[in-house]
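Copied over from TrEMBL:
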type	residues	note
COMPBIAS	354-364	compositional bias 'Basic and acidic residues'
COMPBIAS	366-377	compositional bias 'Polar residues'
COMPBIAS	387-398	compositional bias 'Basic residues'
DOMAIN	17-151	domain 'MobA/VirD2-like nuclease'
REGION	349-398	region 'Disordered'
């Protein structure tokens, strides 16, 4: 396990970073410690307000925010329960067990890792010393946790070259060096995700503004199984100068990818059933594709919708960022194909609309102001008081 501690002067910025990752489906909020409200009741403002109330007790200390990441080897098998226990043990180990803190699981790198947000100001306004926090308290806590949970040790990771990969940032045309950005993104995705076609690979890459392209079917590049990688915009349009697959350090050529396609068909099988359950549950809470995308995002699953030039949907792909696997809708199951998903959502939307109309008719039928059937209607105390007032009203004698 590798722990990284960053101090800052704005707790809002640290919180916004993690919450924006949640919005993008690249992180999940695991829970809070030191808050009165339940986790599900905590929105951005409530999370921020708790920290601000404490920080205001010490206006002299300008560096009052801590952003911690705990990074684990890809060989460590982590679930949310274990991650939460480790977060608790680590915070106690560095002397922050009584501080309010938030825990997020991020999916933007190929290794398991969590982020913790807290402040070094106590409830009474006292500042917690952070000098040498990483070198002394953190190192001791890290070694204790590695021993307690049988994690791959940081020293062993370096000795065996088990790299803890950095989170991936989107490639931006004109803002990042093209080849370096593409090489980094493609290298990590190809190495750690389980996909079985170029379309599934692109479903992941396009989340980072990169596209793999073979050329038109009648082109020489396509016929010779050539492959290029390009930076792309939000709509998948290719930008800038393309990079040949053979020029990238890891050599992710199409011939090499074809071998991975076959291996990944077996490697992703153990995660198919769980993803089916996740999608099925999300469907019960969705009335549109947009709703479905939001529900899946909460579970670390990204839904890619493919449309033709007329805007018609012809395919969907599910990227499970927790288990690093990708399934085209029809590969996941017939009921998860683009056509089946759309039909299911349409039926649910129609049923909800009909239910709303029926409810509206029932409300109108019970309303005394409509002149309709009013059996069983009882006047409210307010209406009774109004009637009484009318009976008691007397004319003035002139």
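Here the Cβ of each residue, glycine as well, is placed from N, Cα and C on the backbone.
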Taking DSSP states H, G and I as helix and E and B as strand, how many residues of the domain 'MobA/VirD2-like nuclease' (17-151) are helix, strand and coil? 53 helix, 28 strand, 54 coil
I'm checking region-level scores; what's the whole-number mean pLDDT for the domain 'MobA/VirD2-like nuclease' (17-151)? 91
